[in-house]
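Novice: One structure coming up, written as structure tokens, with questions to follow.
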Amino acid sequence: MFKPIRLNKVSASGTLDYLLIAFIAMVGLAYLNFLPSVVNALVYGMGLTEAQAGQVVALNGYGALLGLIGATLVIERLPWRTVLFVMLAVLCVVDFSTIWLDDYATTLVWRFMGGILGGVSVGIAFTILAKLHNGDRAFGLLLLMQFGIGSLVIYVLPTLRTWGGDLAVFYVMSALCALGLICLLLLPNFNTPPLLAGAAKPQQRHKQQKDTRAYELLLLFAMSVYLIAASAIWTYVGQIGLKAGFDEEIINMSIALTGLLGLAGAMLPVIGIHRFGRLYWMLAGVALSFCAAVLLCFSYHLVAYIVAMSLLFFSWPAVHSYFLAVITQDDKHTKLASIAALLSYGSLATGPMLSSLLLIDERFLTMLCGCALLFGMSFLVLLKQIGRYEISDNKQITTSPREHAVR
């Protein structure tokens, strides 16, 4: 069993640890951060149709769901650090070897396997991330990295294609896994105490716990439909621009630059911008996403196309981060972090499948209307929760003491 590199004077609740574990939690399913580039690579590099490409990335996501389920089963029974290292190492090989595939059926199976590996790694890292003291900060940094790296990859990918061809995006995915392995080696040890899922609850608190559970289920539903709609648009945002007649270079530049707004959105929970309550910020973000879906129906105007992406990319990371922080803030529900991760990535996998099914003659209007409807459903569910539950910004510290952070 390998041993991590020792770092002196690093607390398990320090900024470096948040950054390292957030990056590790991101790389397992990193392709989601630059999904349009993956779809374009499958279409133009492998010769798949747009619908087939959507089904490949969707099946990759469903493999990730199986991996996430597996992660919840093994994290308490196996050395999580070793399992995580093995999963990322094998995923690095799977991503790199994808460039040699030229058959649709084989690609489906291969990417499904990659999804399982990525799901296990993300599930383990996500559980550790949820145990950190500051949930807003932890999940905010995760979304910050997702959108920052996604924008960077989309921006530099045209240059990388001159060297690696249309499938260069898979080199990037493999390289990110390699960086994740390095981060894992640098990560200090975390104290993950035994879970208390079976602890007895006083009888008089049964009604309060029942109300809280119903509240959490509604939030999980609202988060799921929001992410399905957001990822459905994200899957084909590049193709929407191409169908509108815009130059590919302009599209990549627009996606990269507007994606930087996701950094600003992700910073809101990191710096603690929730003075009026997280739910109100979430409502505002969902409303902006609804406007983005409507504007994309008029994407033949470049201004509408860019404004729509700006609204979606700014609101998405903030809304998702706040959802995760609110849902996982109660440590009594010890499996809630795993369930939230499972539904998050399940929704992100369902989005591409939904969008591929709603494509009619390779036109996107029906898909965009469906996404707007889902955003509206999420908004209404959130609106119903305002005033029903008091959000606490306090969370138990579950990381190890400073002196025991590093072995």
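Along the chain as shown, residues are numbered 1 onward.
Cβ atoms are placed via backbone N, Cα and C, with glycine included.
Unlike curated records, TrEMBL annotations are generated automatically.
Below are the features I grabbed from TrEMBL:
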TRANSMEM  12-34  transmembrane segment
TRANSMEM  54-75  transmembrane segment
TRANSMEM  82-100  transmembrane segment
TRANSMEM  112-132  transmembrane segment
TRANSMEM  139-157  transmembrane segment
TRANSMEM  169-187  transmembrane segment
TRANSMEM  217-238  transmembrane segment
TRANSMEM  250-272  transmembrane segment
TRANSMEM  279-296  transmembrane segment
TRANSMEM  302-324  transmembrane segment
TRANSMEM  336-358  transmembrane segment
TRANSMEM  364-383  transmembrane segment
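Would you situate these features in the structure and describe their surroundings?
Specialist: Beyond the transmembrane segment (54-75), the same-chain residues lying 6 or more positions past its ends with a Cβ under 8 Å from any Cβ of the stretch are 28-29, 31-32, 35, 38-39, 42, 48, 83, 87, 104, 107-108, 111-124, 126-127, 235-236, 335, 338, 341-342, 345-346, 348-350, 352-353, 355-356, 359.
For the transmembrane segment (82-100), the list of distant contacts is 1-2, 24, 27-28, 67, 74-75, 107, 110-111, 113-114, 117-118, 120-121, 124-125, 165, 167, 170-171, 173-174, 177-178, 180-181, 184: same-chain residues at least six beyond its ends, Cβ to Cβ under 8 Å.
Remote same-chain residues near the transmembrane segment (169-187) are listed as 2, 4-5, 7, 17, 20-21, 23-24, 27-28, 30-31, 34, 37-38, 41, 81, 84-85, 88-89, 91-93, 95-96, 98-99, 121, 149, 153, 157, 160 (criterion: CB distance under 8 Å, separation of at least six residues from the stretch ends).
Outside the transmembrane segment (217-238) by six or more residues, the chain places 32, 35-37, 39-40, 50, 54, 57, 251-252, 255, 286, 289, 292-293, 296, 309, 312, 316, 319-320, 323-324, 326-327, 339-340, 343-344, 346-352, 354-356, 358-359, 364, 367-368, 370-372, 374-375, 377-378, 381-382, 384-385 with a CB less than 8 A from a CB of the stretch.
Sequence-distant contacts of the transmembrane segment (279-296) (same chain, at least 6 residues past either end, Cβ-Cβ under 8 Å): 226, 229-230, 233, 237, 240, 265, 268, 273, 304-305, 307-312, 314-316, 318-319, 322-323, 326, 364, 368-369, 371-372, 375-376, 378-379, 382-383, 385-386, 391.
If one looks beyond the transmembrane segment (364-383) by at least 6 residues along the same chain, the residues whose Cβ comes under 8 Å of a Cβ in the stretch are 218-219, 221-223, 225-226, 228-230, 232-233, 236, 239-240, 243, 279, 282-283, 286-287, 289-290, 293-294, 296-297, 299, 354-355, 358.
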Novice: Please indicate, using numbers and ranges, the residues of the same chain that are 6 or more beyond the transmembrane segment (302-324) and have a C-beta under 8 Å from a C-beta there.
Specialist: 130, 135-136, 139-140, 142-144, 146-147, 219, 222-223, 226-227, 230, 233-234, 237, 240-241, 244, 246, 250, 254-255, 258-259, 261-266, 268-269, 274, 278, 281-282, 284-286, 288-289, 291-293, 295-296, 340, 344
Novice: Report the listed stretch (12-34, 112-132, 336-358) having the maximum count of Cβ pairs within less than 8 Å of the transmembrane segment (139-157).
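Specialist: Per the Cβ under 8 Å count, 12-34.
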